[in-house]
Amino acid sequence: MQPFVDFKNVSLRYGGVEKGLLALSDINLQVKEGEFVAIVGPSGCGKSTFLKATSGLWPVTSGEIVVNNAKVKGPVNCVGMAFQNPTLLPWRNTLDNVMLPLEVVKPQRYNWRQKRSEYVQAAKTLLDMVSLAGSEDKFPWELSGGMQQRVSICRSLIHDPKLLMLDEPFGALDMFTREDLWTALQDIWLKKRPTIILVTHDIREAVYLADRVIIMAAKPGRIVSEQTITFTRPRPLTLTFDSEFGEIFSSIRAKITEVSR
Amino acid sequence: MKPLATLVEAAIPLIVIIAFFLIWELATIIFQIPQFLLPAPSAIFAVIVKSFWPIMGHAWQTMFTTSIGFLIAVAFGLFGGVVLGSSRTLYKAFYPLLIGFNSIPKVAVVPVLVIWFGIGTVPAIISAFLISFFPIVVNVATGIATLEPELKDVLLALGAKRRDIMLKVGIPRSMPYFFASLKVAITLAFVGAIISETVAANSGIGYLMVSAASRFDVPLVFAGLLVTSVMGVGMYAVAAVIEQRTVGWAMRGTAAQP
(Lines of atoms letter the chains of each structure in order from A and count residues from 1; the text may use other names and numbers.)
(Lines give C-alpha, C1' and ligand atoms only; values in the text may rest on other atoms or scores of the structure.)
Protein backbone atom coordinates (compact mmCIF):
# COMPACT_ATOMS: atom_id res chain seq x y z
CA MET A 1 0.00 0.00 0.00
CA GLN A 2 1.11 3.52 -0.78
CA PRO A 3 2.25 5.37 2.38
CA PHE A 4 0.05 8.31 3.34
CA VAL A 5 2.98 10.64 3.92
CA ASP A 6 6.12 9.93 1.94
CA PHE A 7 9.34 11.93 2.29
CA LYS A 8 11.83 11.14 -0.48
CA ASN A 9 15.34 12.54 0.08
CA VAL A 10 13.94 15.81 1.36
CA SER A 11 16.24 18.68 2.24
CA LEU A 12 15.19 22.16 3.26
CA ARG A 13 17.55 25.06 3.57
CA TYR A 14 16.58 28.49 4.90
CA GLY A 15 17.66 31.66 3.17
CA GLY A 16 19.67 30.86 0.07
CA VAL A 17 20.53 27.56 -1.53
CA GLU A 18 24.23 27.68 -0.69
CA LYS A 19 24.81 29.41 2.61
CA GLY A 20 21.50 29.15 4.53
CA LEU A 21 20.88 26.96 7.53
CA LEU A 22 20.22 23.35 6.57
CA ALA A 23 17.06 22.71 8.61
CA LEU A 24 16.28 19.30 7.10
CA SER A 25 18.92 17.09 5.57
CA ASP A 26 18.06 14.15 3.35
CA ILE A 27 14.93 13.02 5.17
CA ASN A 28 13.37 9.71 4.15
CA LEU A 29 10.25 8.76 6.05
CA GLN A 30 7.05 6.89 5.30
CA VAL A 31 3.94 7.21 7.44
CA LYS A 32 1.03 4.82 6.90
CA GLU A 33 -2.57 6.00 6.81
CA GLY A 34 -3.98 6.06 10.33
CA GLU A 35 -0.59 5.77 11.95
CA PHE A 36 0.37 7.81 15.01
CA VAL A 37 3.95 8.99 14.67
CA ALA A 38 5.84 11.11 17.17
CA ILE A 39 8.99 13.05 16.41
CA VAL A 40 11.39 13.82 19.24
CA GLY A 41 14.77 15.47 19.31
CA PRO A 42 16.77 18.31 20.82
CA SER A 43 15.64 21.84 20.13
CA GLY A 44 16.67 23.18 16.75
CA CYS A 45 16.60 19.76 15.11
CA GLY A 46 14.03 20.83 12.53
CA LYS A 47 10.95 19.21 14.08
CA SER A 48 8.72 22.17 13.39
CA THR A 49 10.23 22.68 9.96
CA PHE A 50 9.31 19.08 9.25
CA LEU A 51 5.65 19.88 9.93
CA LYS A 52 5.73 23.02 7.83
CA ALA A 53 7.24 21.11 4.95
CA THR A 54 4.64 18.35 5.25
CA SER A 55 1.75 20.80 5.16
CA GLY A 56 3.33 22.62 2.22
CA LEU A 57 3.71 25.90 4.08
CA TRP A 58 7.41 25.97 3.30
CA PRO A 59 8.77 24.66 0.03
CA VAL A 60 11.52 22.06 0.18
CA THR A 61 14.91 22.77 -1.36
CA SER A 62 15.34 19.31 -2.85
CA GLY A 63 13.60 15.95 -2.86
CA GLU A 64 9.85 15.52 -2.79
CA ILE A 65 7.02 14.99 -0.35
CA VAL A 66 3.91 13.04 -1.26
CA VAL A 67 0.83 13.38 0.93
CA ASN A 68 -2.33 11.41 0.18
CA ASN A 69 -1.07 10.37 -3.28
CA ALA A 70 -0.34 13.93 -4.38
CA LYS A 71 2.98 15.71 -4.56
CA VAL A 72 3.12 18.66 -2.14
CA LYS A 73 3.46 21.89 -4.09
CA GLY A 74 1.57 24.48 -2.03
CA PRO A 75 -0.41 24.33 1.19
CA VAL A 76 -2.01 20.88 1.51
CA ASN A 77 -5.77 21.09 1.94
CA CYS A 78 -7.62 19.39 4.75
CA VAL A 79 -4.82 19.25 7.25
CA GLY A 80 -5.52 19.95 10.90
CA MET A 81 -2.88 21.76 12.92
CA ALA A 82 -2.45 22.72 16.55
CA PHE A 83 0.47 24.47 18.19
CA GLN A 84 1.90 25.04 21.65
CA ASN A 85 0.16 28.40 21.60
CA PRO A 86 -3.62 27.85 21.31
CA THR A 87 -4.09 30.87 18.94
CA LEU A 88 -7.83 31.12 19.53
CA LEU A 89 -9.69 34.14 18.21
CA PRO A 90 -10.58 36.34 21.18
CA TRP A 91 -13.74 37.69 19.56
CA ARG A 92 -15.26 34.24 19.08
CA ASN A 93 -16.68 32.00 21.77
CA THR A 94 -15.56 28.40 22.16
CA LEU A 95 -18.10 26.97 19.75
CA ASP A 96 -17.36 29.51 17.01
CA ASN A 97 -13.63 29.05 17.48
CA VAL A 98 -13.98 25.31 16.98
CA MET A 99 -16.13 25.84 13.89
CA LEU A 100 -13.70 28.28 12.20
CA PRO A 101 -12.17 25.65 9.87
CA LEU A 102 -15.60 24.80 8.47
CA GLU A 103 -15.92 28.34 7.18
CA VAL A 104 -12.66 27.98 5.27
CA VAL A 105 -12.12 24.39 4.19
CA LYS A 106 -13.64 22.78 1.13
CA PRO A 107 -16.29 21.46 0.73
CA GLN A 108 -17.81 22.53 4.05
CA ARG A 109 -17.31 26.24 3.38
CA TYR A 110 -20.00 26.11 0.74
CA ASN A 111 -22.66 24.64 3.00
CA TRP A 112 -21.73 25.55 6.55
CA ARG A 113 -24.65 27.92 6.78
CA GLN A 114 -27.24 25.36 5.70
CA LYS A 115 -25.76 22.52 7.71
CA ARG A 116 -24.90 24.64 10.70
CA SER A 117 -26.96 22.64 13.21
CA GLU A 118 -25.25 19.45 12.07
CA TYR A 119 -21.81 21.02 12.48
CA VAL A 120 -22.72 22.50 15.85
CA GLN A 121 -23.56 18.98 16.95
CA ALA A 122 -20.20 17.71 15.69
CA ALA A 123 -18.39 20.49 17.55
CA LYS A 124 -20.29 19.73 20.74
CA THR A 125 -19.41 16.05 20.46
CA LEU A 126 -15.73 16.94 20.12
CA LEU A 127 -15.84 19.37 23.05
CA ASP A 128 -17.49 16.65 25.08
CA MET A 129 -14.64 14.26 24.27
CA VAL A 130 -12.12 16.67 25.79
CA SER A 131 -14.49 17.28 28.74
CA LEU A 132 -15.36 20.82 27.76
CA ALA A 133 -19.12 20.30 27.50
CA GLY A 134 -20.89 23.38 28.82
CA SER A 135 -18.14 25.82 27.82
CA GLU A 136 -19.50 26.47 24.33
CA ASP A 137 -20.46 30.07 25.04
CA LYS A 138 -17.35 31.05 26.96
CA PHE A 139 -14.75 33.32 25.42
CA PRO A 140 -11.05 32.38 25.34
CA TRP A 141 -10.09 34.68 28.20
CA GLU A 142 -12.62 32.92 30.41
CA LEU A 143 -10.83 29.60 29.90
CA SER A 144 -7.66 28.33 31.55
CA GLY A 145 -4.59 27.57 29.44
CA GLY A 146 -5.38 23.86 29.43
CA MET A 147 -8.96 24.47 28.37
CA GLN A 148 -7.84 26.81 25.57
CA GLN A 149 -5.51 24.11 24.32
CA ARG A 150 -8.39 21.62 24.31
CA VAL A 151 -10.40 24.03 22.20
CA SER A 152 -7.44 24.42 19.86
CA ILE A 153 -7.26 20.64 19.43
CA CYS A 154 -11.00 20.44 18.77
CA ARG A 155 -10.57 23.15 16.16
CA SER A 156 -7.88 21.10 14.43
CA LEU A 157 -10.25 18.10 14.30
CA ILE A 158 -13.64 19.59 13.43
CA HIS A 159 -13.34 19.08 9.67
CA ASP A 160 -12.26 15.44 10.11
CA PRO A 161 -8.80 15.95 8.62
CA LYS A 162 -7.05 12.88 7.31
CA LEU A 163 -3.78 14.28 8.61
CA LEU A 164 -3.40 15.93 11.99
CA MET A 165 -0.19 17.73 12.81
CA LEU A 166 0.54 18.73 16.37
CA ASP A 167 3.51 20.94 17.22
CA GLU A 168 4.22 20.52 20.93
CA PRO A 169 0.53 21.03 21.72
CA PHE A 170 0.94 20.16 25.40
CA GLY A 171 4.29 21.89 25.90
CA ALA A 172 2.99 24.81 27.94
CA LEU A 173 0.69 22.82 30.22
CA ASP A 174 1.16 21.44 33.71
CA MET A 175 1.71 17.71 34.11
CA PHE A 176 -1.81 16.78 35.23
CA THR A 177 -3.51 18.66 32.43
CA ARG A 178 -1.02 17.23 29.98
CA GLU A 179 -1.69 13.62 30.99
CA ASP A 180 -5.42 14.31 30.85
CA LEU A 181 -5.06 15.49 27.30
CA TRP A 182 -2.90 12.53 26.34
CA THR A 183 -5.76 10.18 27.14
CA ALA A 184 -8.26 12.48 25.43
CA LEU A 185 -6.11 12.56 22.29
CA GLN A 186 -5.69 8.79 22.33
CA ASP A 187 -9.48 8.35 22.61
CA ILE A 188 -10.07 10.69 19.69
CA TRP A 189 -7.45 8.94 17.59
CA LEU A 190 -8.88 5.49 18.36
CA LYS A 191 -12.33 6.69 17.38
CA LYS A 192 -11.55 8.69 14.22
CA ARG A 193 -8.23 7.20 13.18
CA PRO A 194 -6.63 10.20 11.49
CA THR A 195 -2.95 10.00 10.63
CA ILE A 196 -1.18 11.97 13.35
CA ILE A 197 2.29 13.47 13.35
CA LEU A 198 3.12 14.77 16.80
CA VAL A 199 6.20 16.88 17.37
CA THR A 200 7.27 16.98 21.00
CA HIS A 201 10.25 17.28 23.30
CA ASP A 202 8.60 15.08 25.90
CA ILE A 203 9.80 11.50 25.42
CA ARG A 204 7.18 10.07 27.80
CA GLU A 205 4.48 11.74 25.74
CA ALA A 206 5.91 10.30 22.54
CA VAL A 207 6.25 6.76 23.86
CA TYR A 208 2.84 6.78 25.51
CA LEU A 209 0.95 8.08 22.49
CA ALA A 210 2.72 6.98 19.34
CA ASP A 211 2.96 3.80 17.28
CA ARG A 212 6.42 4.87 16.20
CA VAL A 213 8.87 7.39 17.61
CA ILE A 214 11.23 9.12 15.19
CA ILE A 215 14.40 10.54 16.71
CA MET A 216 15.94 13.57 15.06
CA ALA A 217 19.29 15.26 15.56
CA ALA A 218 20.22 18.88 14.96
CA LYS A 219 22.70 20.67 12.69
CA PRO A 220 21.73 19.58 10.18
CA GLY A 221 18.22 18.37 11.05
CA ARG A 222 18.14 14.66 10.25
CA ILE A 223 16.54 11.41 11.32
CA VAL A 224 18.96 9.28 13.31
CA SER A 225 16.81 6.46 14.58
CA GLU A 226 13.30 5.20 15.07
CA GLN A 227 11.56 3.05 17.60
CA THR A 228 8.33 1.12 17.12
CA ILE A 229 6.09 1.07 20.18
CA THR A 230 3.85 -1.98 20.39
CA PHE A 231 1.89 -1.56 23.63
CA THR A 232 -1.76 -2.52 23.15
CA ARG A 233 -4.43 0.17 22.91
CA PRO A 234 -6.03 1.83 24.67
CA ARG A 235 -2.99 2.43 26.81
CA PRO A 236 -3.66 3.29 30.45
CA LEU A 237 -1.70 6.14 32.03
CA THR A 238 -0.20 3.64 34.50
CA LEU A 239 1.66 2.22 31.54
CA THR A 240 4.16 5.05 31.94
CA PHE A 241 5.35 3.41 35.21
CA ASP A 242 5.80 0.03 33.52
CA SER A 243 9.36 -1.30 33.41
CA GLU A 244 9.21 -2.02 29.68
CA PHE A 245 8.03 1.56 29.13
CA GLY A 246 10.95 2.72 31.25
CA GLU A 247 13.43 0.79 29.15
CA ILE A 248 12.14 2.27 25.89
CA PHE A 249 12.16 5.72 27.47
CA SER A 250 15.78 5.31 28.62
CA SER A 251 17.02 4.01 25.30
CA ILE A 252 15.45 6.95 23.43
CA ARG A 253 16.78 9.35 26.05
CA ALA A 254 20.25 7.87 25.62
CA LYS A 255 20.08 8.23 21.84
CA ILE A 256 19.13 11.89 22.07
CA THR A 257 21.94 12.57 24.52
CA GLU A 258 24.31 10.80 22.15
CA VAL A 259 23.31 12.83 19.11
CA SER A 260 23.19 16.20 20.88
CA ARG A 261 26.81 15.89 21.91
CA MET B 1 -20.61 51.63 49.61
CA LYS B 2 -20.32 50.21 46.16
CA PRO B 3 -23.03 52.27 44.38
CA LEU B 4 -21.61 55.38 46.00
CA ALA B 5 -18.11 54.53 44.75
CA THR B 6 -19.35 54.09 41.17
CA LEU B 7 -21.29 57.34 41.42
CA VAL B 8 -18.18 59.18 42.58
CA GLU B 9 -16.18 57.59 39.75
CA ALA B 10 -18.75 58.76 37.21
CA ALA B 11 -18.88 62.25 38.70
CA ILE B 12 -15.14 62.84 38.93
CA PRO B 13 -14.65 64.05 35.33
CA LEU B 14 -17.48 66.52 35.80
CA ILE B 15 -16.03 67.75 39.10
CA VAL B 16 -12.64 68.24 37.43
CA ILE B 17 -14.20 70.30 34.63
CA ILE B 18 -16.19 72.47 37.04
CA ALA B 19 -13.12 73.00 39.21
CA PHE B 20 -11.15 73.99 36.12
CA PHE B 21 -13.66 76.72 35.23
CA LEU B 22 -13.90 77.89 38.85
CA ILE B 23 -10.12 78.29 39.16
CA TRP B 24 -10.08 80.12 35.83
CA GLU B 25 -12.91 82.43 36.95
CA LEU B 26 -11.19 83.14 40.27
CA ALA B 27 -7.86 83.78 38.56
CA THR B 28 -9.35 86.40 36.25
CA ILE B 29 -10.92 88.15 39.27
CA ILE B 30 -7.91 87.93 41.61
CA PHE B 31 -5.31 89.00 39.05
CA GLN B 32 -7.71 91.44 37.37
CA ILE B 33 -6.99 90.08 33.93
CA PRO B 34 -8.63 92.30 31.29
CA GLN B 35 -11.31 90.66 29.15
CA PHE B 36 -9.51 91.20 25.86
CA LEU B 37 -6.60 89.08 27.14
CA LEU B 38 -8.34 86.25 28.97
CA PRO B 39 -12.10 86.47 29.40
CA ALA B 40 -13.67 84.87 32.45
CA PRO B 41 -15.73 81.71 31.86
CA SER B 42 -18.83 83.60 32.97
CA ALA B 43 -18.25 86.14 30.19
CA ILE B 44 -17.75 83.35 27.67
CA PHE B 45 -20.97 81.62 28.70
CA ALA B 46 -22.77 84.95 28.51
CA VAL B 47 -21.61 85.39 24.92
CA ILE B 48 -22.70 81.86 24.09
CA VAL B 49 -26.16 82.52 25.48
CA LYS B 50 -26.42 85.90 23.78
CA SER B 51 -25.30 84.76 20.31
CA PHE B 52 -26.53 81.20 20.65
CA TRP B 53 -28.06 80.73 17.21
CA PRO B 54 -25.31 82.38 15.14
CA ILE B 55 -22.71 80.29 17.01
CA MET B 56 -24.76 77.15 16.44
CA GLY B 57 -24.90 77.94 12.73
CA HIS B 58 -21.11 78.10 12.55
CA ALA B 59 -20.79 75.05 14.77
CA TRP B 60 -23.10 73.13 12.45
CA GLN B 61 -20.95 74.07 9.46
CA THR B 62 -17.80 72.88 11.25
CA MET B 63 -19.52 69.72 12.43
CA PHE B 64 -20.63 69.04 8.87
CA THR B 65 -17.23 69.50 7.21
CA THR B 66 -15.48 67.60 10.01
CA SER B 67 -17.87 64.66 9.82
CA ILE B 68 -17.69 64.36 6.05
CA GLY B 69 -13.88 64.63 6.06
CA PHE B 70 -13.70 62.14 8.89
CA LEU B 71 -16.00 59.64 7.17
CA ILE B 72 -13.93 59.82 3.99
CA ALA B 73 -10.82 59.29 6.11
CA VAL B 74 -12.42 56.25 7.75
CA ALA B 75 -13.31 54.73 4.37
CA PHE B 76 -9.91 55.38 2.78
CA GLY B 77 -8.07 54.62 6.01
CA LEU B 78 -9.72 51.21 6.40
CA PHE B 79 -9.13 50.36 2.77
CA GLY B 80 -5.54 51.61 2.79
CA GLY B 81 -4.80 49.90 6.09
CA VAL B 82 -6.11 46.56 4.84
CA VAL B 83 -4.12 46.84 1.61
CA LEU B 84 -0.88 47.91 3.31
CA GLY B 85 -1.28 45.47 6.20
CA SER B 86 -1.80 42.50 3.93
CA SER B 87 1.46 42.92 2.05
CA ARG B 88 4.82 43.52 3.63
CA THR B 89 6.16 44.82 0.33
CA LEU B 90 3.40 47.40 -0.10
CA TYR B 91 3.77 48.42 3.54
CA LYS B 92 7.47 49.07 3.11
CA ALA B 93 6.94 50.72 -0.26
CA PHE B 94 4.30 53.21 0.82
CA TYR B 95 5.26 53.94 4.39
CA PRO B 96 7.87 56.63 3.66
CA LEU B 97 5.44 58.40 1.32
CA LEU B 98 2.74 58.31 3.99
CA ILE B 99 5.04 59.74 6.62
CA GLY B 100 6.13 62.39 4.16
CA PHE B 101 2.54 63.43 3.54
CA ASN B 102 1.73 63.39 7.23
CA SER B 103 4.70 65.63 8.01
CA ILE B 104 3.39 68.42 5.79
CA PRO B 105 1.75 71.13 7.94
CA LYS B 106 -1.84 71.05 6.78
CA VAL B 107 -2.18 74.81 7.17
CA ALA B 108 0.35 75.14 4.34
CA VAL B 109 -1.80 72.99 2.09
CA VAL B 110 -4.96 75.03 2.56
CA PRO B 111 -3.96 77.87 0.18
CA VAL B 112 -3.33 75.25 -2.50
CA LEU B 113 -6.73 73.71 -1.81
CA VAL B 114 -8.26 77.15 -2.16
CA ILE B 115 -6.66 77.55 -5.58
CA TRP B 116 -8.07 74.19 -6.60
CA PHE B 117 -11.51 74.26 -5.01
CA GLY B 118 -12.24 77.84 -4.00
CA ILE B 119 -13.04 78.83 -0.43
CA GLY B 120 -15.59 77.29 1.92
CA THR B 121 -16.77 73.78 2.49
CA VAL B 122 -14.58 71.71 0.15
CA PRO B 123 -11.12 72.72 1.44
CA ALA B 124 -12.34 72.24 5.03
CA ILE B 125 -13.53 68.73 4.24
CA ILE B 126 -10.28 67.90 2.49
CA SER B 127 -8.04 69.17 5.26
CA ALA B 128 -10.13 67.30 7.85
CA PHE B 129 -9.66 64.21 5.72
CA LEU B 130 -5.92 64.73 5.20
CA ILE B 131 -5.15 65.18 8.87
CA SER B 132 -7.25 62.28 10.19
CA PHE B 133 -6.39 59.75 7.48
CA PHE B 134 -2.88 58.87 8.65
CA PRO B 135 -3.55 57.45 12.15
CA ILE B 136 -6.32 55.23 10.77
CA VAL B 137 -4.18 53.73 8.00
CA VAL B 138 -1.23 53.12 10.28
CA ASN B 139 -3.31 51.51 13.02
CA VAL B 140 -5.31 49.22 10.75
CA ALA B 141 -2.17 48.17 8.89
CA THR B 142 -0.40 47.42 12.17
CA GLY B 143 -3.33 45.36 13.45
CA ILE B 144 -3.32 43.25 10.32
CA ALA B 145 0.44 42.96 9.97
CA THR B 146 0.88 41.68 13.53
CA LEU B 147 -1.27 38.60 12.95
CA GLU B 148 0.21 35.56 14.71
CA PRO B 149 2.09 33.41 12.16
CA GLU B 150 0.76 30.20 13.77
CA LEU B 151 -2.80 31.29 13.19
CA LYS B 152 -1.98 32.06 9.59
CA ASP B 153 -0.47 28.58 9.25
CA VAL B 154 -3.59 26.96 10.71
CA LEU B 155 -5.71 28.69 8.09
CA LEU B 156 -3.29 28.18 5.20
CA ALA B 157 -3.15 24.48 6.00
CA LEU B 158 -6.92 24.42 5.62
CA GLY B 159 -6.56 25.76 2.10
CA ALA B 160 -7.52 29.32 3.04
CA LYS B 161 -6.95 31.98 0.43
CA ARG B 162 -5.53 35.35 1.30
CA ARG B 163 -9.03 36.82 1.25
CA ASP B 164 -10.27 34.25 3.77
CA ILE B 165 -7.47 35.05 6.17
CA MET B 166 -8.28 38.75 5.83
CA LEU B 167 -12.00 38.35 6.39
CA LYS B 168 -11.93 35.75 9.13
CA VAL B 169 -8.94 36.93 11.11
CA GLY B 170 -7.04 39.96 9.82
CA ILE B 171 -9.86 42.49 9.77
CA PRO B 172 -11.61 41.46 13.00
CA ARG B 173 -8.24 41.42 14.71
CA SER B 174 -7.41 44.94 13.55
CA MET B 175 -10.69 46.40 14.82
CA PRO B 176 -9.42 47.36 18.30
CA TYR B 177 -6.54 49.20 16.59
CA PHE B 178 -9.04 50.79 14.23
CA PHE B 179 -11.27 52.12 17.00
CA ALA B 180 -8.31 53.33 19.00
CA SER B 181 -7.26 55.34 15.93
CA LEU B 182 -10.79 56.70 15.45
CA LYS B 183 -10.63 58.42 18.82
CA VAL B 184 -7.43 60.16 17.77
CA ALA B 185 -8.66 60.82 14.24
CA ILE B 186 -11.98 62.44 15.15
CA THR B 187 -10.31 65.11 17.29
CA LEU B 188 -7.70 65.66 14.57
CA ALA B 189 -10.47 66.07 11.99
CA PHE B 190 -11.81 69.05 13.96
CA VAL B 191 -8.34 70.55 13.92
CA GLY B 192 -8.13 70.08 10.16
CA ALA B 193 -11.53 71.58 9.42
CA ILE B 194 -10.97 74.59 11.69
CA ILE B 195 -7.50 75.29 10.31
CA SER B 196 -9.03 75.49 6.87
CA GLU B 197 -11.89 77.69 8.07
CA THR B 198 -9.51 80.18 9.67
CA VAL B 199 -7.70 80.58 6.36
CA ALA B 200 -10.36 80.23 3.72
CA ALA B 201 -14.04 80.29 4.64
CA ASN B 202 -16.92 82.58 5.41
CA SER B 203 -18.63 80.30 7.85
CA GLY B 204 -17.66 77.74 10.48
CA ILE B 205 -16.14 78.00 13.93
CA GLY B 206 -12.70 78.77 12.52
CA TYR B 207 -14.07 81.70 10.53
CA LEU B 208 -16.06 82.86 13.57
CA MET B 209 -12.94 82.93 15.73
CA VAL B 210 -10.77 84.75 13.20
CA SER B 211 -13.36 87.42 12.50
CA ALA B 212 -14.05 87.84 16.23
CA ALA B 213 -10.34 88.21 16.92
CA SER B 214 -10.02 90.88 14.27
CA ARG B 215 -12.73 92.83 16.17
CA PHE B 216 -10.98 92.14 19.52
CA ASP B 217 -14.11 90.28 20.60
CA VAL B 218 -12.01 87.87 22.66
CA PRO B 219 -14.93 86.34 24.62
CA LEU B 220 -16.45 85.26 21.30
CA VAL B 221 -13.13 83.69 20.27
CA PHE B 222 -13.13 81.70 23.47
CA ALA B 223 -16.77 80.80 22.93
CA GLY B 224 -15.70 79.25 19.63
CA LEU B 225 -12.92 77.30 21.36
CA LEU B 226 -15.33 76.04 23.98
CA VAL B 227 -17.93 74.94 21.44
CA THR B 228 -15.21 73.12 19.49
CA SER B 229 -14.08 71.28 22.61
CA VAL B 230 -17.64 70.23 23.41
CA MET B 231 -18.11 68.90 19.87
CA GLY B 232 -14.77 67.07 20.09
CA VAL B 233 -15.66 65.45 23.40
CA GLY B 234 -19.08 64.48 22.02
CA MET B 235 -17.66 62.82 18.91
CA TYR B 236 -14.98 61.11 20.99
CA ALA B 237 -17.69 59.72 23.26
CA VAL B 238 -19.61 58.39 20.26
CA ALA B 239 -16.45 56.65 19.00
CA ALA B 240 -15.77 55.25 22.47
CA VAL B 241 -19.30 53.86 22.81
CA ILE B 242 -19.14 52.19 19.38
CA GLU B 243 -15.75 50.77 20.35
CA GLN B 244 -17.07 49.34 23.60
CA ARG B 245 -20.04 47.78 21.81
CA THR B 246 -18.13 46.21 18.94
CA VAL B 247 -14.73 45.26 20.30
CA GLY B 248 -15.48 44.86 23.98
CA TRP B 249 -13.58 41.56 23.78
CA ALA B 250 -10.33 43.47 23.53
CA MET B 251 -11.02 45.50 26.65
CA ARG B 252 -12.05 42.79 29.06
CA GLY B 253 -9.55 43.95 31.66
CA THR B 254 -11.43 47.14 32.43
CA ALA B 255 -15.18 46.73 32.39
CA ALA B 256 -16.44 43.67 30.55
CA GLN B 257 -15.36 41.13 33.13
CA PRO B 258 -18.03 40.25 35.67
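The backbone N, Cα and C atoms fix where each Cβ goes, glycine too.
The feature transmembrane segment is assigned by TrEMBL to B:6-24 (among others).
For B:36-56 (among others), the entry in TrEMBL reads transmembrane segment. Residues 21, 24-25, 28-29, 208, 216, 218-220, 222-224, 226-227 of the same chain sit 6 or more residues outside the transmembrane segment (B:36-56) yet have a Cβ under 8 Å from a Cβ within it.
The domain 'ABC transmembrane type-1' feature in TrEMBL is assigned to B:59-239.
Feature annotation from TrEMBL assigns transmembrane segment to B:62-85 (among others).
Distant neighbours of the transmembrane segment (B:97-119): 126-127, 130-131, 134, 137-138, 192, 195-196, 199-202; these residues of the same chain sit at least 6 beyond its ends, with a Cβ under 8 Å from one of its Cβ atoms. According to TrEMBL, the feature transmembrane segment maps to B:97-119 (among others).
Residues annotated as transmembrane segment in TrEMBL: B:125-147 (among others).
Feature annotation from TrEMBL assigns transmembrane segment to B:177-200 (among others).
Annotated transmembrane segment per TrEMBL: B:220-242 (among others), in sequence order.
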Candidate ranges B:6-24, B:62-85, B:125-147, B:220-242 - greatest C-beta contact count to the transmembrane segment (B:177-200) (under 8 angstroms): B:125-147
